[in-house]
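Novice: Next up is a structure, given as structure tokens.
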Amino acid sequence: MAKVAPAENDAPAIYKSVDTPSRKDMVRKAKALGLSERLGNGKAFSRTTMQDIGELGIGIQLYFMLIKYSAIVLVIMSICAIPGAVLNYYGHGVLAANADPLKLTYLSVANQGVNPAVAATECMANGGTIDCTGETISTPLTEDPKVASYIISGCDCAASIVFWCFIGIFGYLSRRAVRQDAVENSTPAKYAVRVKGLPRDATEEEILAHFNERYDLSKPERHYPLWLGCFGRPRPPRRLTKVPGNVATVANVDHVDGSALYMGKWVAQVSIARPTGGFLRHFLSLESLTKQIAGLNDVIAAYRQNPTKYAKKLTAAELSLARLQAKMDKTTQKMKSLKKHGLKRLQECECAYVVFENTESRRRCLQDYRTSTSGWKRRWQPATLRFRQTYAIVVEAAPEPSNIIWENLETTPTSRFLRRSLTNVLTFLLLLLSCAVISLANSSQRKFNTAVIANVCDKIAAVYQGPATSWGEPGTLVWNESATCAVDSFAIEFADKKPTPFPPGILPYNDLHPPTNYTRCVEPCFNTTINSCGTLPCFTTDQQLTSTNASAKCESYAASTILTCYCTPLLAASIRTDGVINGPKKLWTDLPPCQSYITAYLTKTSLLIAAALTVIAVNVGLQGIFYAFAAFERHSSESHKAAAVVLKLFCAQWINTAVIVLIVNASLGYVPLVSSLLSGQFQDFERNWYTSVGAGLTMTMLINAVGPQVGPLVAMYFTYPLLRCLRSRSAVTQAQMNELYASPAFNIALRYPVVLNTIFVTLMYSGGLPVLLPVGAIALGLNFVLDKLTILKLCSVRTAFDEALGSLALRLLPWVLWLHLGFSAWMFGNSTILPSDLLSIRVVLDALAPSIGSVEIQEDPTAIVQAAIQANMAEASSVVRTIYQYLLKAFLKVIRLDTFPVFFLLVLLTLWMLFANVLFPVLMPLLRLTLGVLAKIVYRLLKRATVRPALGPLDDDSPFSPFSALFERHVGPVYRSDSKKGFSVDDQGRLVRCWPNDVEFDGGIRTKGSRMRTWEAFAAPVKTYAIEKNPKYKVSWTVAGGMIVVWFRWPC
């Protein structure tokens, strides 16, 4: 059984207190330590550049570059969309009753044209200002509705081209940033390689000897041709590489705790990863308990320095320590595998990280082992490259130390593949479940969006008027307070007008065949139970008696619909006068008949917001689940783990935000299976789609623009300052104070999906909802500002992410443009909203005839295709006919003049993506084997007469100084250094770095003004590959190793 060690003797060294400093000094040191963990050491927000952010890792820099440039391009696209938004705003397609609370629907294409339900009194024919025929529009840009459609389409094409250019520019800037990071930012990975395939009994001394002998820079370079990937004896390279002038062997061993093994070697460090993943995972899960024990040891040591003052607290702390230690012992006693194999596992080798003293040695090493990652090539690896001349090894570039997940290194590729397959299946099922939840929320909201018949108020007036023509203007609806009605019923009637009786021969009920039992609803008090009131054409087929409109048809409405006609203008006027909140309140109090209408209005608005909040709640709930999935998959690096979380979270957020609302409200007719799933009310992007679905989508994006920023702001300016104020008085040790002022980790895996979701949803629907472009720009701008402020003032970046996440985002950007163009073409093809001429190929050829010569064409190809589809549709079955119907509908959308430019860009983008992602990767290897070989032959023939340059004794300096040497870099005397970080440029133009303050570092004291060594000056959160010095594993590794030793000392 493990023993409870005395606190003053066996407490970990990192937690021991040498003395009892004053509380003021403790707070000062804790603040200084917390500040040193954050970006720029307290540098001002405005002075922090992208280069400063790049010091945290290229992954973080690419993230901020994506936010910054995406926000800029959305601003430019918003400017491109202004003419279209202006044209939308001056339309009359959205009624006041159907507009969203913020009236943003007026900026959508749904507001184009004239809504059929517009009151007749507003039409020009009746003295109004609206041309209800739709032949003209009143806008500052044009009066032709077709020209307005072309302008809207042109604006979208311009915005799409801007985004396409952005994809190319951002790709170039990203690749340039990666190249600059490779030569400018000094990190441990620039010196290290990872070695796999070593035998289990490989030792640190053997690995050191293997690589030190082969990459001794004092010896001439030997090159392995590796023909066919494996053959060829070592020989001098054809092109000799210049040896940097500042190469040297290891002259200081502070980075390996003074081990003389590395003194004078070309290898600075060998760190062996042990197959102890299960033990590490167990102790990491117990890390909270471990830290509590270590913290109590520290507290007890502080209390014992003044036992009289802290007598009671000392006793309580010792009891708590014994209780926690007993809990730890009980947990670890169950670890039979650790007892049985623990010491053996700590001596075995899983893989190794070899850190060279000079980057030139690393370059030569990776060059020699360039084919080692291929299984069949490794089988014939030269004997001189094999470990012990027997074991074929894999050598690859090492990730940053903070990027390694040590407990997952022993997981086999097969196990990892099976785990990922399982999580992918579970992710799919979870997405289906979240779709069901959000679909239910949207369906509940959709119940209050039941469409009413067009011009229902005019048709109700016609029912009251009857077939007589002497009634005159219908007048205004009023509430007759003196009339006595049933509960929930009111006397709503036309002022000074009485319903005209039907002449003889016309029944007050419907007698059409088949019978529908429609009723003429003209009673003073409407009956709330009647939902089958009929319009005037329902009661006779004699057009002379009913309507002068030959297209008039029998329609039904609920008796309570008259409340809508009565309350809608009153509510709109009340909102204009008293505001969105006070207006409905006042109307509720003053007019009881409108209370049910106001209830329905507020319910609809509340459910609109609730549906948006449901999307956000589901997305937040999936975060923890996907993090658990990523841990289960056992990725070998934090970057790959974050990429897995980002991809799953992004897919979930995008589907829940943008796709579900489309599916729930879509209707695809009578196609089997599909019709049962897509049983919504919209077969196209109709006008009502924008006022219901589009309004909810806009509300969701507005909430998403602000919601993710609230948490960091509250934590930065309220939560953490309050906790530090409350808990600082109870801290008695420097470790407790350091933990209190420590910076939380910046979680990039939660921020990336928000950014990608914003970009995707914004561009997906921005063709018909251009207001999403400025909303998306604002959201990304806030993301950039708040995230930058977070890493400056609150959080620290503890993992140096590589470019995996940035590459993932770059691969997704063409797809968002593809979706944008596809949805824009779909939206612009609705002829009921955007009028447009059809594209005729014959007309185009006739117009180009003077330029291309005479063109004889008997029939228009456009008409031929349309006729062929219609002919096939007439002869097909019902299912195939439905498919042909949608095919014809798509064809008619494409050949519209306002849609074709967008569709043409979509085709070009598809071809570009096909070439870049499919053809180019296939053709390039073939071109290398053909044209590449010919180019090499020609190049060598031309260079054969050229004298080879001799290897100079010592040439130009490497941009990276030796690993253990004093840090310096030649930058020139005009270089502007960051003095807050300790950088300065001497008279010879050398950049050096000194310690800005006295600080405890790596178990020793660094004095202010002393020079930093290269490994100490690394721009990396973790500066060594030794797991015992990694902050994430330090406590767990120390406790696990110590516990194994204790068990073998006291096996009982």
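Glycine is no exception: its Cβ is also placed from the backbone N, Cα and C atoms.
Okay, these came from TrEMBL:
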COILED    286-341  coiled coil
TRANSMEM  69-90  transmembrane segment
TRANSMEM  150-173  transmembrane segment
TRANSMEM  422-441  transmembrane segment
TRANSMEM  607-630  transmembrane segment
TRANSMEM  642-673  transmembrane segment
TRANSMEM  693-719  transmembrane segment
TRANSMEM  812-829  transmembrane segment
TRANSMEM  902-927  transmembrane segment
Novice: With a Cβ cut-off under 8 Å, give me the same-chain residues at least six positions beyond the ends of the transmembrane segment (902-927) that come close to it.
Specialist: 153, 156-157, 160-161, 164, 767, 814-815, 817-818, 821-822, 824-825, 828, 894
Novice: Near the transmembrane segment (693-719), which residues from the same chain, at least 6 beyond its ends, have a CB less than 8 A from one of its CBs?
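Specialist: For the transmembrane segment (693-719), the list is 99-100, 102, 104-105, 108, 110, 442, 445, 608-609, 611-613, 615-616, 657-658, 661-662, 665, 682, 744, 751, 754, 757-758, 761-762, 765, 768-769, 771-772, 775-776, 778-779, 782-783, 786-787, 789-790, 793-794.
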Novice: Which bits of the chain, at least 6 residues beyond where the transmembrane segment (69-90) starts or stops, bring a Cβ under 8 A of a Cβ in it?
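Specialist: Distal contacts: 106-112, 137-142, 148, 151-152, 155-156, 158-159, 162-163, 166, 169-170, 173, 755, 759, 762, 766, 770-771, 773-774, 776-777, 780-781, 783-784.
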Novice: Other than its close neighbours in sequence, what residues sit by the transmembrane segment (812-829), given a CB gap under 8 Å and a spacing of at least six beyond its ends?
Specialist: 109, 149, 152-153, 156, 160, 163-164, 166-167, 170, 684-685, 756, 759-760, 763-768, 836, 890, 892-894, 896, 898-899, 902-903, 905-906, 909-910, 912-913, 916
Novice: Residue list, the transmembrane segment (150-173) vs rest of chain: Cβ under 8 Å, 6 or more residues beyond ends.
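Specialist: Same-chain contacts beyond the flanks: 65-66, 69-70, 73, 76-77, 80-84, 87-88, 109, 112, 141-142, 763, 766-767, 770, 773, 810, 813-814, 817, 820-821, 824, 828, 834, 836, 897-899, 901-902, 905, 909.
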Novice: Just to confirm my parser: what is the rounded mean pLDDT across the coiled coil (286-341)?
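Specialist: It averages 77.
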